[in-house]
Amino acid sequence: MTTPLTLENISQAPKALLHDHLDGGLRPSTVLELAGQYGYDDLPADDVDELATFFRTAAHSGSLVRYLEPFAHTVGVMQTAEALHRVAFECVEDLAGDNVVYAEVRFAPELHIEGGMGLDAVVDAVLAGFADGEKAAASAGRTITVRCLVTAMRHAARSREIAELAIRFRDRGVVGFDIAGAEAGYPPTRHLDAFEYMRGNNARFTIHAGEAFGLPSIHEAIAFCGADRLGHGVRIVDDITVAPDGQVKLGRLAAILRDKRIPLELCPSSNVQTGAVASIAEHPFDLLARTRFRVTVNTDNRLMSDTSMSQEMLRLVEAFGYGWSDLARFTINAMKSSFIPFDERLALIDDVIKPRYAVLAG
């Protein structure tokens, strides 16, 4: 018998997560405790519930710029090795609790050196937190693999340095590189040197593109930068037309994105909150899925968006009527698109994801 698609049941399904920001996923209680421990005095509230409400309200601003402002507070309490280790450990713990079996969690090392740490020490602390979190999850009966993407800020000028950091740590848990931050005025082509360095070292990278800015950002990310994946990429819908009879026509950019199987790291709730789309029901996720783009489901920022992978999946189920086979396909899409070796991807798909979804589907 098919298992009902409730939040409780969806939480039991295995999940693969490609787009999750470490500094966007802290527990409100941890933000408060770290602020007190390290003397960070700029928090807008000193109560856990009030602080959670602050982050949630800011997320629902309808603006990417406003959505990003509260990160000053999470980054502000992540300036020591101990704090970074704790946040990374709890990230793994929370994801494992939601039955995420594979995750690539990204963060920008350059934002965590205000306390005097070097970039290498920052990455060391995060990777140690991930490793210890994996061990603790396994001891609790929840196996999870977490890998890291190091991110450069697109408005800054350290992208080549961060790309070199990715290569230095490529055998220790860093599987790729990313650029993030406000898109408008900061095109991905400002960082060609970093992307060329990654390609020259046979390394993988994703680019935040097509979230708050339109098709030119996606075009540059694909045509000039050579992105392996797109962070968000939701504005590709601007290159797709749907006729009154339902026939879908792809523009040249949309067609190459689909035909090359370039994965889209879609983050439905975040896209609504930043104003990229009006509602989950109006999100182009379903159009892209039906048109056979390689779509994946992601959280973006679990604290700011007050979300989880299970909640993101449930919202899509409620909006578009998806079944277990659809959720399995989106999960397999993500696993296929991950930056770990092929045999590791295949093992998780064949040994974990497919069997567990088969049980849920009945």
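Numbering starts at 1 and runs along the chain as displayed.
Glycine is treated like the rest: Cβ placed from N, Cα and C.
For the Zn(2+) site that Swiss-Prot gives as His19, His21, Asp300, the extra residue drawn from His155, His191, His208 is His208. Sequence-distant contacts of His208 (Zn(2+) binding site), defined by Cβ-Cβ distance under 8 angstroms and a gap of at least six in the same chain, are Arg154, Asp178, Ile179, Ala180, Gly181, Glu183, Gly231, His232. Rounded to the nearest whole angstrom, the C-alpha distance between His21 (Zn(2+) binding site) and Glu211 (active site, proton donor) is 15. Secondary structure at Glu211 (active site, proton donor), as computed by DSSP, is coil. The two recorded residues, His19 (Zn(2+) binding site) and Glu211 (active site, proton donor), show a Cα separation of 13 Å.
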